[in-house]
Amino acid sequence: MVFFALVIVIKKWSIPCPLTLNCIEHYFQISNATDDCKPKLFHFSKESAYAIPTMAFSFLCHTSVLPIYCELQRSSRKRMQNVSNIAIVFSFLIYFISALFGYLTFYGKVTSDILQDYSKYLPHDVVVRTVKLCILFAVLLTVPLIHFPARKALMMMFFSNFPFSWIHHFLITLAVNIIIVLLAIYVPDIKHVFGVVGSSTSTCLIFVFPGLFYLKLSREDFLSWKKLGAFILLIFGILVGNFSLALIIFNWINNK
């Protein structure tokens, strides 16, 4: 992912702005005007509904906490907190740099998958293809970390009262992989997955559940700063999740 961010930064100076006319006509359908090359501090459109859900999805690292905790030497809450802080800050820097320079390259015409933009303008670029290959390997190596807790949760939900069975183990693994492959084949744009999962599951895990659990378990007075912060986090998650999901569904209905 560091390589991905570096390539985006370097390619900022490889792609001119305004774009060449043939590229504009075939791919972007934008005017060859200098106004298209002026960055805007805020840009709101119907695609803005995907912004917060996608960011929530990006920082959804809960499933990796327990496996990483088990791998720590002298594992403790403090050491795990340090690992989490460093990982989140580092991830944020990579996301921020990639998003910033991706926007400064294509401006208002940047798409949800920025590598598609580079593929359109630089279809035979070896570096871009290498980045795609690296991301493919990164995703493949990440799948087991995500798949393990998903399978474990399904086993606990449906077969918690039964002894361990390899048949159940293999069937759940096969079913989950089939669903993932079908989604990858038939969902036209990955932003829809990020949007729906981010506005529902991710907002609950990041905003709603932590605030709800703290309010339920803490014995502090409700007017204490920590409880008020947990309450605000809870309300913020509910509002943002429902509002974003409603806008996404509204966009789907209008696009049909």
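Cβ coordinates are placed from backbone N, Cα and C, and glycine is handled just like the others.
TrEMBL assigns the feature transmembrane segment to residues 193-216, out of the candidate ranges 1-24, 193-216. Taking residue pairs at least 6 apart in sequence, the transmembrane segment (50-70) and the transmembrane segment (193-216) share three or more C-beta contacts under 8 angstroms.
Counting C-beta pairs under 8 angstroms (sequence separation of 6 or more), the transmembrane segment (50-70) fails to reach the transmembrane segment (166-187), with fewer than 3 such pairs.
For the transmembrane segment (228-253), same-chain residues at least 6 beyond its ends with a Cβ under 8 Å from one of its own Cβ atoms are 46, 49-50, 52-53, 192, 195-196, 198-200, 203-204, 206-208, 210-212, 214-215, 218, 222.
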